[in-house]
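K.L.:
Dropping a structure here in structure tokens format, bear with me for questions.
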Amino acid sequence: MSDLHTIPLIPQFPLYRVGEEFARVRAAAPLVHCLSNEVVQSITANVLLALGASPAMIVAEEEVAEFAAMADALLINVGTLYPARLLAMQKAVTAANAAHTPWVLDPVAAGVLAYRTDALHDLLLQKPAVIRGNASEIMALAGESASGKGVDSTASSVLAIAAAQRLALQTGAIVAVTGEADYVSDGVSTWAIPWGHVLMTRVVGTGCALSAVVAAFVAGAPDKLVAVAAACAVMAIAGERAESACDGPGTFLPAFLDALYIMQPAMLKAVDE
Ligand SMILES: Nc1ncnc2c1ncn2[C@@H]1O[C@H](COP(=O)(O)OP(=O)(O)O)[C@@H](O)[C@H]1O
Ligand SMILES: Cc1ncsc1CCOP(=O)(O)O
């Protein structure tokens with residue numbers, strides 16, 4: 001585990017680049033094939049729609065390969081994993097790789113349960129473009145003896161920076177570790193995304209929806225590291241704005257969707273200049 005005294009200084013991702021990436025995604029309106037968990041389907045689809053992307057939850061073993069090849073990006077989230085779903089995921093990933101469709105892995109509760117942890121290690125061999133998880137999940141995948149509290153992290157993201165960098169080098173994926181601040185790394189360069197609000201952890205699915213947004217941003221991206229950092233920033237900034245317009249978790253969710261919908265790429269540029 002990293003030691004607080006050895007945490008490197010990580011540069012903050014510039015807001016003007018968030019604006020540029022957001023403009024690219026809004027213009028492209030990417031089609032995102034989501035094989036997510038059964039808890040977060042609705043918030044995931046709504047977040048993608050509010051942003052301007054097109055979600056499709058195509059999950060049947062008979063259909064996933066065909067759809068992964070026509071989508072702009074694929075999301076694999078193991079939150080509610082069972083054998084039939086895992087088989088569909090493996091077929092979707094194989095087809096995505098053959099069609100050069102980038103895919104994102106959300107390793108929900110990695111390290112907590114043996115079945116999903118074994119499945120995740122197999123999926124890692126299939127070259128995800130991005131891995132997005134909380135600190136416990138990223139540390140577990142990087143080989144540390146970390147374990148979350150079910151689907152939640154028991155560690156701070158700042159303590160998982162080294163694990164994220166190592167996992168990126170091991171897999172060739174961009175790794176995003178999220179929490180109080182988000183850190184995005186390709187193993188060589190690392191960006192910090194300092195925005196967000198703790199209320200985002202009091203409604204289910206913000207992390208899972210973020211992984212879907214990461215998939216939307218990575219579709220056709222000229223620079224995947226920049227795309228993933230921008231995706232994290234857009235969600236975190238929307239979280240801050242929603243918090244100031246709500247009373248608690250019940251009103252946070254609609255305020256969050258509104259914040260994503262209202263957000264304009266040009267506004268993000270202007271704040272930084
Ligand atoms: N303590 C916090 N303060 C501010 N933002 C947070 C905090 N915890 C999580 N977030 C934000 O919530 C979103 C989901 O992250 P996280 O809770 O780490 O994912 P997961 O749901 O997979 O555990 C991210 O955009 C992150 O920036
Ligand atoms: C509660 C729960 N149980 C299995 S998957 C899941 C959703 C986790 O969503 P998130 O980590 O984004 O809050």
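Note: Cβ is positioned from N, Cα and C throughout, glycine not excepted.
Among the features that TrEMBL reports, substrate binding site is placed at M57, G205. What TrEMBL lists as ATP binding site is R132, T178.
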K.L.:
Distance between T178 (ATP binding site) and G205 (substrate binding site) at the Cα atoms, whole Å?
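P.N.:
Pair distance, Cα basis, whole Å: 13 Å.
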K.L.:
Measuring Cα to Cα, how many Å separate G205 (substrate binding site) from R132 (ATP binding site)?
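P.N.:
Answer for this pair: 13 Å between alpha carbons.
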K.L.:
Just the number: how many Å between the Cα atoms of R132 (ATP binding site) and M57 (substrate binding site)?
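P.N.:
M57 (substrate binding site) has its Cα 19 Å from the Cα of R132 (ATP binding site).
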K.L.:
Taking a cut-off of under 6 Å between Cβ and any atom of ligand 2, tell me which of the binding-site residues M57, R132, T178, G205 pass.
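P.N.:
Going through M57, R132, T178, G205 in sequence order, those close to ligand 2 turn out to be G205.
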K.L.:
Non-local Cβ contacts of M57 (substrate binding site) (under 8 Å, 6 or more apart, same chain)?
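P.N.:
For M57 (substrate binding site), the qualifying residues are C34, L35, S36, Q41, T44, A45.
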K.L.:
Is any of M57, R132, T178, G205 (binding-site residues) within Cβ reach of ligand 1, i.e. under 6 A, and which?
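P.N.:
Listed by sequence, the hits are T178.
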K.L.:
Return one of helix, strand or coil for T178 (ATP binding site), based on DSSP.
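P.N.:
Where T178 (ATP binding site) sits, the three-state DSSP reduction gives strand.
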K.L.:
According to DSSP, folded down to helix, strand and coil, what is G205 (substrate binding site)?
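P.N.:
Reduced to three states, the DSSP call for G205 (substrate binding site) is coil.
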